[in-house]
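Q: Summarising the annotation, TrEMBL assigns signal peptide to 1-21. Marked as domain 'Peptidase S53' by TrEMBL: 106-470. For E179, D183, S382, the entry in TrEMBL reads active site, charge relay system. Feature annotation from TrEMBL assigns Ca(2+) binding site to D424, V425, G448, D450.
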Amino acid sequence: MGPRSCLLGLFALFVASNCSYSPEPDQQRRLPPGWVSLGRADPEEELSLTFALRQQNVKRLSELVQAVSDPGSPRYVGGLHRFPPTSTLRQRPEPQVLGTVGLHLGVTPSVIRKRYNLTAQDVGSGTASNSQACAQFLEQYFHDSDLAEFMRLFGGDFAHQASVARVVGQQGRGRAGIEASLDVEYLMSAGANISTWVYSSPGRHESQEPFLQWLLLLSNESALPCVHTVSYGDDEDSLSSTYIQRVNTELMKAAARGLTLLFASGDSGAGCWSVSGRHQFRPSFPASSPYVTTVGGTSFQNPFRVTDEVVDYISGGGFSNVFPRPSYQEEAVSRYLSSSAHLPPSSYFNASGRAYPDVAALSDGYWVVSNHVPIPWVSGTSASTPVFGGLLSLINEHRILRGLPPLGFLNPRLYQQRGAGLFDVTRGCHESCLNEEVEGQGFCSGPGWDPVTGWGTPNFPALLKTLMNP
């Protein structure tokens with residue numbers, strides 16, 4: 001037994017001996033904001049512990065991500081991990097941009113496809129050469145029977161798959177969760193007829209999602225889907241700085257490998273909390289990571305017609321208090337900060353932080369099937385994220401057919417193209433602190449990029465054309 005094995009063995013013996021530890025009063029006072037000491041743990045309670053080695057050469061890794069993800073770089077390959085180069089995808093007909101259509105009673109796959117100008121031919125080939133995935137946490141699980149019923153009700157107009165290809169992790173029993181049902185149903189209807197995996201990570205980290213557990217699983221797999229969507233997040237300030245940085249390093253590794261990771265921007269607008277008696281906006285993580293593509297939310301201007309989109313007031317967005325602004329968004333964010341006529345007071349946000357979201361999609365009024373029941377008016381960026389992810393999976397099919405690598409980490413390309421292929425959302429503001437100073441208003445949308453809807457929502461034929469460049 002080597003020195004490290006001895007150390008772990010002694011630690012295991014310490015845990016097994018039911019030893020208890022009571023913090024001194026000064027340590028109790030150092031609890032993070034919002035945390036409350038509940039006293040000593042029961043000696044019989046099982047604890048799940050995570051040991052993480054300090055990561056080395058993180059700066060070099062960051063530089064590598066920029067080099068392999070920037071289409072203007074001579075080292076651009078979309079990521080270090082090259083995926084299967086062949087596919088049997090049928091050719092897409094010439095795009096026909098659809099105009100405003102009639103009434104609807106909630107967002108369904110057909111409404112999504114009409115708004116974002118997809119034809120019946122905009123589906124995957126159904127082969128294993130391209131795949132997509134979503135992650136479920138917090139004991140949220142989908143049911144195969146719900147997915148099949150959803151596709152029976154809402155999938156009649158396009159080729160699709162009615163079952164998940166693979167579940168990685170523990171798929172719990174009992175009632176289905178609306179969150180998990182929403183993610184699977186709209187990833188598989190937007191990214192129609194594409195092989196889909198579900199990563200299931202039960203358990204908690206500090207009572208919240210075990211993001212590191214999921215990311216380490218991805219890092220240890222050699223073959224995995226190109227696009228991953230995640231509809232979960234936490235307040236930045238609710239997590240330790242060490243944990244946030246460790247998770248961010250794993251997100252950086254995924255970007256370097258050529259994975260496209262999309263995270264929901266959150267459903268609390270700019271957020272709000274009190275720091276030393278002063279209100280501030282409250283950013284979300286992993287939405288605030290510089291190495292993910294973050295998806296905000298929109299609503300139809302007329303809630304019962306397929307019309308132009310406006311801001312969904314719950315759409316999460318703002319500026320990180322942890323991560324500095326990445327170089328790829330320097331120009332866009334600086335332009336917004338210098339031109340917006342409705343900026344909140346500067347004391348409410350960190351103007352030099354990583355700004356999000358990057359893009360958006362409809363997030364209001366979805367139909368979902370959960371526990372065999374069709375449920376209307378489900379809303380949140382949990383809906384917009386799998387929709388955008390599914391459309392990117394369709395674009396990956398075209399790229400693979402042409403012998404190009406999948407899109408990989410999208411943000412450098414997205415900001416270089418300045419919103420090409422996206423509908424710019426220029427009307428509306430999201431919510432924030434309910435006080436006299438800001439009166440519940442956070443940031444407002446405007447021309448180009450903004451911290452409410454990013455660059456905008458997808459116009460599929462235009463976005464496909466834009467992202468088919470090498």
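Heads up, the Cβ atoms here are built off N, Cα and C, so glycines get one too.
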Q: Given the recorded positions D183, G448, D450, tell me which ones have a C-alpha lying within 10 Å of the C-alpha of S382 (active site, charge relay system).
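A: Taking D183, G448, D450 one by one, the ones whose Cα falls within 10 Å of S382 (active site, charge relay system) are D183.
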Q: Write down the Cα-Cα distance for D183 (active site, charge relay system) and D424 (Ca(2+) binding site), rounded and given in Å.
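A: Cα to Cα, D424 (Ca(2+) binding site) and D183 (active site, charge relay system) are separated by 25 Å.
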Q: Comparing the binding-site residues V425, D450, which residue's C-beta has the most other C-beta atoms within 10 angstroms in this structure?
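A: Of the binding-site residues V425, D450, the highest Cβ count within 10 Å belongs to D450.
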Q: I'd like the Cβ neighbour count for D424 (Ca(2+) binding site), meaning other Cβ atoms within 10 Å of its Cβ, all protein chains included.
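A: Other Cβ atoms found within 10 Å: 18.
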Q: To the nearest whole angstrom, what is the C-alpha distance linking D450 (Ca(2+) binding site) and D183 (active site, charge relay system)?
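A: Here the two Cα atoms are 25 Å apart.
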Q: As a test of the contact definition, list every same-chain residue at least 6 positions from D183 (active site, charge relay system) whose Cβ is closer than 8 Å to its Cβ.
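A: Residues satisfying the criterion: C134, Q136, F142, T229, S231, S382, T385, P386.
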Q: Near G448 (Ca(2+) binding site), which residues of its own chain have a C-beta under 8 A away, given they sit six or more steps off in sequence?
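A: For G448 (Ca(2+) binding site), the qualifying residues are A332, R335, Y336, R418, G419, D424, W455.
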Q: What is the average pLDDT across the domain 'Peptidase S53' (106-470)?
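A: Averaged over the domain 'Peptidase S53' (106-470), per-residue pLDDT gives 94.
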Q: For the recorded Ca(2+) site, whose residues are D424, V425, G448, D450, find every other residue on that chain with a C-beta no more than 8 angstroms from the centre of their C-beta atoms, and list them by sequence position.
A: G419, T426, S445, G446, P447, W449, T453, G454, W455, G456
Q: When you measure from the Cβ of S382 (active site, charge relay system), how many other Cβ atoms are you left with inside 10 Å?
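A: Result for S382 (active site, charge relay system): 26 other Cβ atoms within 10 Å.
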Q: At the Cα level, what's the spacing in Å between E179 (active site, charge relay system) and V425 (Ca(2+) binding site), rounded?
A: 26
